[in-house]
Amino acid sequence: MSSMQSDSSANVTFVRPATFFLNGFSNVPHAKYYYVFLALVYFVTVLGNSFIMCIIYLARRLHTAKYIAVFHLALSDLCGSSVLIPKIIDTFLFGHHDISYEVCFVSMFFVYHFMNLQSLTLLVLAYDRLVAICFPLQYHAIVTKPATLLIIGVMWIVSMAYFSVHVGLLTRLSICSSNVVNSYFCDYGPVCRLACNDNSLNLLMGKICFGFLICLPPVLIIISYFCIFLALLKIAHGVDRIKAIKTCTSHLILVAVFYLPILSNNIAAATTPIHPNARIINNSLTQIIPPMLNPIIYTLKTEEVMQSIKELYKRSKVNTTSEKIMKFSVRN
């Protein structure tokens, strides 16, 4: 793998490896088929999220606070997948297992940062549905475009600040036993376990990260939907109640697709022994599948988006026909 660089001070040897060796899929049989699958997933993810962002940008009816959040979710999905999937393919398909010390931590920062943004954006969309259904008359006064942009800006600042500290604290660890990371990317836990000195602070930060990133947002989303459920019970007409429920279905599916696999994997890992290969594949799927499905779900399950796609298609068809008529007139 790679040589180790050592610095000594006050009779304590601090070891910082020049590189880490990513060992995630090395022992998985027929892994090349999985890399082909990853490439296909990435292609669909880029295509789908680029498509939904273009639709939101081009369709004026989607220039609302809610769709600023949807646009941001698509952007976070696209960036998160772009940070992770191409690097996995390059590392394991082409055999570039070694990753420099600095690049390892930069990669870790961006993987967690964009995953956190995905989670927080789902929480913002839950807040949007809560205000829309529980306070319909005040909705346009509360959920405004400037307010949504401010919330997203705060999310970026807080997330970047937190993960700068979270990842930066790993540099205090002495990696002296091995530089082999048993994961498909520079994952926090496997890197932390390589330490020879006290890593209790890092383990605590890992638990805090799990609590705020994975546990707190779904709890808040559940509370918001409990309030929505109570508000729906007060709606007298069944048709209006169904209409309100339909506005929540796409978001509920996104929440289930994002959180249920992650929570299930963590609960299973804590309660039952899982083969390392199964754990690595399950963890990778929980990170790569939601960004691929999100734009598909929003396109198929959201009436406003489907209507906007139809309008843009008709407009482009009319423009094409007009151009052909003009060309024909000029020739004659």
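Just so it is clear, glycine is given a Cβ too, placed from its N, Cα and C backbone atoms.
Here is what TrEMBL says about this protein:
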type	residues	note
DOMAIN	48-298	domain 'G-protein coupled receptors family 1 profile'
TRANSMEM	33-58	transmembrane segment
TRANSMEM	70-89	transmembrane segment
TRANSMEM	109-127	transmembrane segment
TRANSMEM	147-165	transmembrane segment
TRANSMEM	210-232	transmembrane segment
TRANSMEM	244-263	transmembrane segment
On average, residues of the domain 'G-protein coupled receptors family 1 profile' (48-298) score a pLDDT of 92
Lying 6 or more residues past either end of the transmembrane segment (70-89) yet within Cβ distance under 8 Å of it, the residues of that chain are 24-25, 35, 38-39, 41-42, 45-46, 49-50, 52-53, 56-57, 107, 110-111, 114-115, 117-118, 121-122, 125, 152, 184-185, 254, 284, 287-288, 290-292, 294-295, 298
Near the transmembrane segment (244-263) in space but 6 or more residues beyond its ends, with Cβ under 8 Å, are 73, 118-119, 122, 125-126, 129, 132-133, 214, 217-218, 221, 225, 228, 232, 235, 282, 285-286, 289-290, 293-294, 297-298, 301-303
The answer for the transmembrane segment (109-127), taking Cβ pairs under 8 Å and residues 6+ beyond its ends, is 66, 69-70, 72-73, 76-77, 79-80, 83-84, 143, 148, 151-152, 155-156, 159-160, 162-164, 166-167, 185-186, 188, 209, 213-214, 217, 220-221, 224-225, 251, 254-255, 258, 287, 290-291
Counting only residues at least 6 beyond its ends, the same-chain positions whose CB falls under 8 A of a CB in the transmembrane segment (33-58) are 25, 67, 70-71, 74-75, 77-78, 81-82, 85-86, 88-89, 92-93, 281, 284, 288-289, 291-292, 294-296, 298-299, 305, 308-309, 312
Other same-chain positions with a Cβ less than 8 Å from the transmembrane segment (210-232) and lying at least 6 residues past its termini are 112, 115-116, 119-120, 122-123, 126-127, 129-130, 133-134, 241, 244-245, 248, 252, 255, 259, 262-263, 266
